[in-house]
Amino acid sequence: MEITNVTEYEAVAKEKLPKMVFDYYASGAEDQWTLGENKFAFSRILFRPRILIDVSKIDMTTTVLGFKISMPIMIAPTAMQKMAHPEGEYATARAASAAGTIMTLSSWATSSVEEVASTGPGIRFFQLYVYKDRKVVAQLVRRAERAGFKAIALTVDTPRLGRREADIKNRFTLPPFLTLKNFEGLDLGKMDMSNDSGLASYVAGQIDRSLSWKDVKWLQTITKLPILVKGVLTAEDTRLAVQAGAAGIIVSNHGARQLDYVPATIMALEEVVKAAQGRVPVFLDGGVRRGTDVFKALALGASGIFIGRPVVFSLAAEGEAGVRKVLQMLHDEFELSMALSGCRSLNEITRNHIMTDWDHPRPASRL
């Protein structure tokens with residue numbers, strides 16, 4: 001089957017991957033309402049295209065934290081990529097570099113920061129979970145810095161792991177031939193079998209539930225790297241993140257894997273953008289499957305978007321070539337969306353280019 005869009009990779013990945021692995025990547029928390037909503041909510045935003053504009057030249061380049069990239073489409077942190085393909089994070093890093101965009105490496109990667117750095121040049125961010133043992137955290141941040149990573153994406157929505165029922169049913173654990181490579185040698189790289197989800201047990205044992213805003217300040221004392229706060233969904237937390245010195249905000253609901261019945265990230269985006277008041281860039285993570293989705297996010301004020309599941313599904317299907325293809329398809333679809341909307345550069349994309357069903361609430365029907 002010829003793959004013509006990003007979504008089609010999911011079915012291929014389902015065929016190729018063991019059930020435990022596919023379910024880990026694909027599933028969400030509890031009823032999985034937010035999982036569906038993350039994608040569906042984009043369909044509630046329609047275009048208001050402008051016509052008769054010379055779109056013979058379109059510039060999609062942008063800068064993120066001062067780094068120039070080819071398009072506002074970046075790679076989100078997704079854990080344990082060698083479960084999808086033997087090349088894992090190496091393949092993803094090379095694909096991102098070839099596309100001229102940013103890869104974010106997960107703390108729970110199956111390749112270390114040093115190994116990913118060894119794949120060659122590229123702009124890379126490091127996603128951080130804060131462990132109870134702060135010496136481990138400080139050591140990891142220093143390693144990421146030394147390996148040339150350019151920012152820390154601090155995940156703040158995981159004091160405990162969401163209830164992912166597929167992982168409980170499957171007794172999910174990291175396959176025995178893999179380790180969480182960044183923690184090898186610290187006796188934290190392996191995941192024990194459990195009578196429910198091995199990952200949930202690992203998180204319960206290792207991740208610091210006391211994490212608070214003061215820890216964002218603490219991180220700034222141990223690194224010069226800019227800190228992006230990942231997992232913000234409200235105006236209130238946006239203002240606190242700015243006060244705490246965050247360099248940027250990632251609107252994320254953890255791929256709908258934490259608290260179910262939170263809004264889709266695209267629904268939460270505008271509230272966060274308004275609260276940020278232009279003081280820091282705001283990025284969107286969650287549900288993007290089309291170039292039209294990218295355009296809609298930028299029209300609502302995002303400075304860029306991150307993709308997660310499309311990367312692991314395409315990695316499972318076709319390795320590095322699959323990830324390259326996903327990035328290329330989204331690039332091409334986004335460029336076409338810009339052209340057909342009458343936008344020649346990212347700063348021409350405005351709120352006026354879209355309308356949402358929450359702009360014009362329908363009157364309640366009478367019974």
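We number each residue from 1, going along the chain as drawn.
Glycine is treated like the rest: Cβ placed from N, Cα and C.
Feature list (source: TrEMBL):
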type     : residues                                                        : note
ACT_SITE : His254                                                          : active site, proton acceptor
BINDING  : Tyr24, Tyr129, Arg164, His254, Arg257                           : glyoxylate binding site
BINDING  : 77-79, Ser106, Gln127, Thr155, Lys230, Ser252, 285-289, 308-309 : FMN binding site
DOMAIN   : 1-359                                                           : domain 'FMN hydroxy acid dehydrogenase'
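Over all protein chains present, the Cβ of His254 (active site, proton acceptor) has 23 other Cβ atoms lying within 10 Å. In terms of Cα spacing, the recorded positions Tyr24, Arg164, His254, Arg257 that come within 10 Å of Lys230 (FMN binding site) are His254.
There are 22 other CB atoms within 10 A of the CB of Arg289 (FMN binding site), with all protein chains counted. Among the residues the record lists as binding glyoxylate, namely Tyr24, Tyr129, Arg164, His254, Arg257, the two farthest apart have Cα atoms separated by 19 Å. When other Cβ atoms within 10 Å of the Cβ of Gly287 (FMN binding site) are tallied across all protein chains shown, the result is 28. Cα distances from Arg164 (glyoxylate binding site) to the binding-site residues Ala79, Gln127, Asp285 are smallest for Ala79. Its Cβ placed at the centre, Tyr24 (glyoxylate binding site) has 25 other Cβ atoms within 10 Å.
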